[in-house]
Amino acid sequence: MTVEKTMDKIVALAKNRGFIFPGSEIYGGLANSWDYGPLGVEFKNNVKKAWWKKFVQESPYNVGIDAAILMNREVWVASGHVGGFSDPLMDCKECKARCRADKLIEDYMQDKDENFESADGWSNEQLKDFIDKNNIACPKCGEHNFTDVRKFNLMFKTFQGVTEDAQSEIFLRPETAQGIFVNFKNAIRTTRRKMPFGMAQIGKSFRNEITPGNFTFRTREFEQMELEFFCKPGTDLEWFEYWRDYSWNFLLSLGLAKDNLRIREHAKEELAFYSKATVDIEYLFPFGWGELWGIADRTDYDLKQHMNHSGKDLTYLDPETNEKYLPYCIEPSLGADRVALAFLVDAYDEEELDGGDSRTVLRLHPALAPFKAAILPLTKKLKDKSLEVYSMLSKYFNVDYDEAGTIGKRYRREDEIGTPYCITIDYDTLEDNTVTIRDRDSMDQIRINIDELVKYISEKVEF
């Protein structure tokens, strides 16, 4: 049976099962603010752990860093964010709604089912002309009466210290990358790494988006998983292709359906002025294709900017050739919230069972599941033995314990939150030290000795 996956179903499951709640809900919420609940925080942490494992732990090239969110204002001047990090905005003269011009065009073309990829890189005049020519209406009131397009800086501004003046002005970082670039020399010096090498970081970023939406896909506060991979100029396109393929295979290895993924190459007019090549790995959400991962060849732009603005020498001296150069940088940048949402959508399933029964199941890769197993005593009289098994397994995995309701209803609850294995403690357990372990996806059951549980589950959840 083909299941219709809608955002309404995903949002309802996320809220009802403790994955994601609306932020500040008891005060009426805050637009596009979301809190990860008890299951959501485990799930998202598992996504981050999987990325760190493959991009840092198992990589002979890469090291980690955790840079500060608040940085010297000059960092953002050097990077170009103070002067150029902006969205093209228009105001509706009828209802005063503020709209992103490029998104108006992209949504209009998507509704027409036209083969249109992006309005990135268009000038203000091109955007306005297209909107006027096609009589694109305001999504809020339906009228076509817009102001001219103008740029709006996306950075959140605040002040450090007791005075609010230009000298104390700082920003919440709009990306994690700059914290890596300014620590390039520190990492080279302390790790004694040679080219090529990379620096990875997971952290929060903030952008004052005008049109956030689609649940956790586009929010003003979000988490990034970024790698800045430095290499010798001339080898950059080779490494660009390497990290593009590595990133693609990472998603497939965690179970995302290949049919729901695509690689979109940026056209020349879309490229950032510093970029030599950029591709996006996109996922087919219920609301359409959306970017998960951007892989860009940033050349030596960032290191050169920071070297020029700071006056510090950021060149690399090759110890084997004595050649001195500014490394080029390949950046695979992944949104943690976006890819977590993609895993949720992809895993969601509804299954018709024999006897007219049905179930909702999250077919998450076991490495990503919030709980790796659930301990289910057949009756409450078996609680002591069940808690003994729980205590043993919880030293190795995050496991659930549930003794409320029929065993069938407990199976359904665990299916819906993605628990790959349910372990039932029954009266035979007291006699022969064995338990029944049920597979989430196939619903097959086998009998296994308690002493073998850790090994069995470890092999199944390995990634």
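Glycine too: its Cβ is placed from the backbone N, Cα and C atoms.
Positions annotated as substrate binding site by Swiss-Prot: Arg100, Glu175, Phe222, Glu223, Gln224, Met225, Glu226, Glu331, Pro332, Ser333, Leu334, Gly335. Taken from Swiss-Prot, the feature ATP binding site applies to 207-209, 217-222, 291-292, 335-338.
Everything Swiss-Prot records as a feature, shown here on the structure.
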residue	record	Cβ contacts under 8 Å, 6 or more apart
Arg207	ATP binding site	Leu154, Met155, Phe156, Pro174, Arg220, Phe222
Gln224	substrate binding site	Glu175, Thr176, Gln201, Ile202, Gly203, Lys204, Ser205, Ser333, Leu334, Gly335, Ala336
Leu292	ATP binding site	Leu251, Asp280, Ile281, Glu282, Tyr283, Leu334, Gly335, Arg338, Val339, Ala342
Pro332	substrate binding site	Glu226, Leu227, Phe229, Trp243, Arg244, Tyr246, Ser247, Trp293, Gly294, Ile295
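Around Arg218 (ATP binding site), taking its Cβ as the centre, 19 other Cβ atoms fall within 10 Å, counting all chains.
Taking every protein chain shown into account, Glu209, Glu226 are the binding-site residues, and of these the Cβ with the most other Cβ atoms within 10 Å belongs to Glu226.
Under DSSP, Gln224 (substrate binding site) is assigned to a strand (E or B) in the three-state scheme. When the Cα atoms are compared, Arg218 (ATP binding site) and Arg100 (substrate binding site) turn out to be 14 Å apart. Here the C-alpha separation of Glu209 (ATP binding site) and Arg100 (substrate binding site) works out to 9 Å.
Here the binding-site residues are Leu334, Ala336, and the one ringed by the most other CB atoms within 10 angstroms is Leu334. Summarising the environment of Arg220 (ATP binding site), the number of other Cβ atoms within 10 Å of its Cβ, over all protein chains shown, is 18.
One residue stands out among the binding-site residues Arg100, Arg338 for having the most other Cβ atoms within 10 Å of its Cβ: Arg338.
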